[in-house]
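For A:Ala12, A:Pro13, A:Ser14, A:Gly15, A:Thr16, A:Gly17, A:Lys18, A:Thr19, the entry in TrEMBL reads ATP binding site. Summarising the annotation, TrEMBL assigns domain 'Guanylate kinase-like' to A:5-183.
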Number of protein chains: 2
Amino acid sequence: MKNKGDIFVISAPSGTGKTTLVRLLLSRFPTLSFSISYTTRLPRPGEVNGQHYFFVSEKEFKKSIAKGEMLEWAKVYGHYYGTPLTFVQEKIAAGKDIVLDIDIQGAQAVKKKMPEAILIFLIPPSWNELQRRIISRSSDSPEEIKKRLEAAKKEILAAREFDYIVINDVLEDALKELVSIIQATKARANKRWPEIKRLLQA
Amino acid sequence: MKNKGDIFVISAPSGTGKTTLVRLLLSRFPTLSFSISYTTRLPRPGEVNGQHYFFVSEKEFKKSIAKGEMLEWAKVYGHYYGTPLTFVQEKIAAGKDIVLDIDIQGAQAVKKKMPEAILIFLIPPSWNELQRRIISRSSDSPEEIKKRLEAAKKEILAAREFDYIVINDVLEDALKELVSIIQATKARANKRWPEIKRLLQA
């Protein structure tokens, strides 16, 4: 009998470098499976169906929600985004670990349905640094930037309800910490106990 | 304001290679402080007072117990062993992490007094391997060895109540897992939250 896989949910306010970090994590940890979200928005140049997202129609998406096939979903700027429940369930049943790169509300929704999920909050090293990152990558107006900063501040308050907080200052250090969290999770007594029981019976 | 240090308690049935592993851990992780136990037994050749143990008289030891100065203590084969409470409290108040290498009952006693302590159970990779290790290092009679094995089996059942279980098969892997547990503990949201709050106020 295989041990069940773990679910790691990584969330962050925008401008924290989450996408880069998750990509690095997956390349260093090839045993991790990445959960590909469904979305109703159109593919951007370079985005591949089934790799970056599953691109579906609004009709299909709403049908999936109605059938309870979404572990979590949200409507953002008029488009739907969601995590397919079956994919996650199949992977962890097969003993595979899975990474979800979703927003903070999504993370909270996953925890409600699957309390065993490990929630990781990624955070910038300082308020100034977050400001700098949001401003530098944004082509938005000062008004829009101010809004984004206010939103980030609110989002950071949610970190308290997560299991772990990783500070993304030096990328390599943040990556190491993510890896530690994944490895320590494997060593949790409740995870390892079935294995030990078999050892005692042998 | 400094974050408080963490307490890591490492326990194992005899023959699991705990002493070697703890020594390696401390040499790789010089920021960890090792808690030196008090004992009433006589020093063995090569043992240094204040380094391997604090060697004290039975009268002194009993006085320490009466004054509540022992975080945990036990009497084993007629000798007392105990962990000094003040040392542990001072270290963690100063933000230092501390490692206790104590027996399983001791670990359980620490958890009762300090629920924030992280309990790590070290376990051999298989029952056969534990048998081999106990037999090879022992000059005891077959009767004595049988008793030790029975005791080990009972002790392993306690692993379930620990926070983590580390399987000591390949030493280097077990060491990595210990390091992961320590690093992941630093990233726990309740540990990091005070830091994040300061970040938001800045």
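Just so you know, the numbers here start at 1 and follow the chain as drawn.
Each Cβ is built from the backbone N, Cα and C atoms, and glycine gets one as well.
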- [ ] Would you count the other C-beta atoms found within 10 angstroms of the C-beta of A:Pro13 (ATP binding site) for me?
- [x] 25
Task: Output field, ATP shell: CB within 8 Å of site CB centroid, site A:Ala12, A:Pro13, A:Ser14, A:Gly15, A:Thr16, A:Gly17, A:Lys18, A:Thr19 dropped - done: A:Leu122, A:Pro124, A:Arg133, A:Asn168
- [ ] Across the whole of the domain 'Guanylate kinase-like' (A:5-183), what does the mean pLDDT come to? Round it, please.
- [x] 91
Task: Secondary structure of A:Thr19 (ATP binding site) (DSSP, helix/strand/coil) - done: helix
Open item on the list: By a 10 A CB contact count over all chains shown, which of the binding-site residues listed here is most packed: A:Ser14, A:Thr16, A:Thr19?
Closed with: A:Thr16
Task: Candidates A:Gly15, A:Gly17: member of the binding-site residues with the richest Cβ shell (10 Å) - done: A:Gly15
Task: Cβ packing number for A:Ala12 (ATP binding site), 10 Å threshold - done: 26
Task: Long-range Cβ environment of A:Lys18 (ATP binding site), under 8 Å and at least 6 residues apart - done: A:Ile10, A:Ser11, A:Ala12, A:Asp101, A:Leu122, A:Asn168
